[in-house]
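Colleague: Here it is: the structure, laid out below.
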Amino acid sequence: MSDTALEQTKAPQITFLLFLVLGAIGALTPLAIDMYLPAMPTIARDLGVADGAVQITLTAYTAGFAIGQLIHGPLADSYGRRPILILGVLFFGLASVVSATTTGIEALTWVRTAQGFAGAAAAVIIQAVVRDMFDREDFSRAMSFVTLVITIAPLIAPMIGGYIAVWFGWRAIFWILAAFAAVVIALVFWKIPETLSEENKQPLRFGTTIRNYFRLCKNSVAMGLILSGAFSFAGMFAFLTAGSFVYIDIYGVQPNHFGYLFALNIVAMIIMTMINGRLVKKVGSHAMLRFALLVQLVAGLGLFVGWMLDLGLWGTVPFVVLFIGTLSTIGSNTMGLLLSGYPAMAGTASSLAGTLRFGTGSVIGVVVAMLPDGATWPMITVMTACSILSAAFYWIFGRKA
């Protein structure tokens with residue numbers, strides 16, 4: 001047997017270092033989104049455009065990300081995880097360079113779309129790689145720890161982005177993203193083996209791919225899990241789209257202090273991720289998912305009550321923290337339940353879930369961006385609605401998994 005064949009069939013050794021590398025790869029999109037957030041008001045002023053126009057550039061990234069997942073998943077199921085991952089990260093880095101040098105909001109919007117399309121490869125393939133290694137409960141546990149590593153990026157990214165925007169200008173953010181992409185490519189070459197064996201590779205046939213997507217879409221349980229995760233994410237995306245404007249422009253938070261408030265969200269997510277990682281093997285994915293959905297629903301309703309009572313910044317921040325804190329637990333358990341039912345097409349299932357997650361987030365982002373500037377109610381009411389829909393799709397459909 002050739003060395004190549006041995007590399008493809010040998011199970012990779014699961015180490016803490018491997019989790020760190022997977023987390024670094026998965027951090028591409030959190031960095032591309034979260035490092036950008038505190039600079040958005042500055043970009044609007046620098047380019048002479050309305051707040052909504054800059055918010056659309058964030059939505060453009062997630063739209064490209066959503067479309068990219070439809071493409072990268074089937075490609076990864078056919079040609080292997082590693083080559084698609086390397087090409088995706090390479091083009092992500094190139095798009096970062098172009099974003100750093102663009103001079104108009106229209107060009108920035110289109111380039112961010114391309115950047116999101118390329119960055120989707122990392123998100124899809126990480127989940128497929130972990131699924132190649134683990135069964136359902138172990139997948140959820142492993143993804144919790146990978147997610148824990150990934151959350152370091154959004155923990156520090158807004159703080160770094162805020163200081164970079166103040167000290168060096170917002171364009172420097174994209175130069176840093178380009179450099180990070182180069183580091184990720186080096187890590188993939190060094191540490192990530194091919195986890196898809198030759199016998200499990202799926203022939204790339206357009207008709208087969210479409211049929212696989214329709215097969216998933218016609219399954220009410222699968223769609224219940226996917227949409228539960230999608231609306232949970234969309235609620236967070238309402239905050240990502242409008243949160244910096246609400247905190248900075250309405251509540252008077254300084255741009256370089258925004259990152260500290262944002263970090264509270266990530267600390268909550270880390271705590272929930274650690275709880276999930278420790279308990280999911282004992283109580284199961286369904287129990288952890290129900291708990292997280294209940295916490296998120298309470299947070300969504302709390303946001304609405306805080307807005308109705310006009311409680312200001314500190315009537316908003318705690319419930320945003322609770323809401324976003326549940327995301328990794330909801331995401332890892334919905335994906336674990338989904339992918340356990342489709343082990344032979346994990347890439348395709350992950351692609352569809354990711355596409356609908358980010359597609360829903362993009363639509364929600366556009367809705368929030370189109371609503372009036374200078375008010376908190378668009379963000380808050382949308383987050384509340386998303387928490388209700390996320391819980392409803394699981395309880396009506398997904399709990400049968």
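Every residue, even glycine, has its Cβ placed from backbone N, Cα and C.
Under the heading domain 'Major facilitator superfamily (MFS) profile', TrEMBL lists 18-401. If you look up TrEMBL, you'll see 12-33, 53-72, 84-105, 111-130, 142-166, 172-192, 221-248, 260-279, 291-309, 315-339, 351-371, 377-397 marked as transmembrane segment.
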Colleague: Which sequence positions outside the transmembrane segment (84-105), separated from its termini by at least 6 residues, show Cβ-Cβ distances below 8 Å to it?
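Modeller: Residues 25, 28, 32, 47, 49, 53-54, 57, 68, 72, 75-76, 111-112, 114-115, 117-122, 125, 171-175, 177-178, 181-182, 184-185, 188-189, 192.
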Colleague: So which of 111-130, 172-192, 291-309, 351-371 is most in touch with the transmembrane segment (221-248), counting Cβ pairs under 8 Å?
Modeller: 351-371
Colleague: Rank 53-72, 111-130, 291-309, 351-371, 377-397 by Cβ pairs under 8 Å to the transmembrane segment (260-279) and hand me the top one.
Modeller: 291-309
Colleague: For the transmembrane segment (53-72) and the transmembrane segment (172-192), check the count of CB pairs under 8 Å (sequence separation 6 or more) and say whether it reaches 3 or more.
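Modeller: Not in contact, no.
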Colleague: Grab the same-chain neighbours of the transmembrane segment (172-192) for me: Cβ-Cβ under 8 Å, and only residues 6 or more beyond its ends, written as numbers and ranges.
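Modeller: Beyond its ends, the transmembrane segment (172-192) has Cβ neighbours at 17-18, 21-22, 24-25, 27-28, 31-32, 35-36, 39, 81-82, 85-86, 89-90, 92-94, 96-97, 99-100, 122, 129, 160-161, 164-165.
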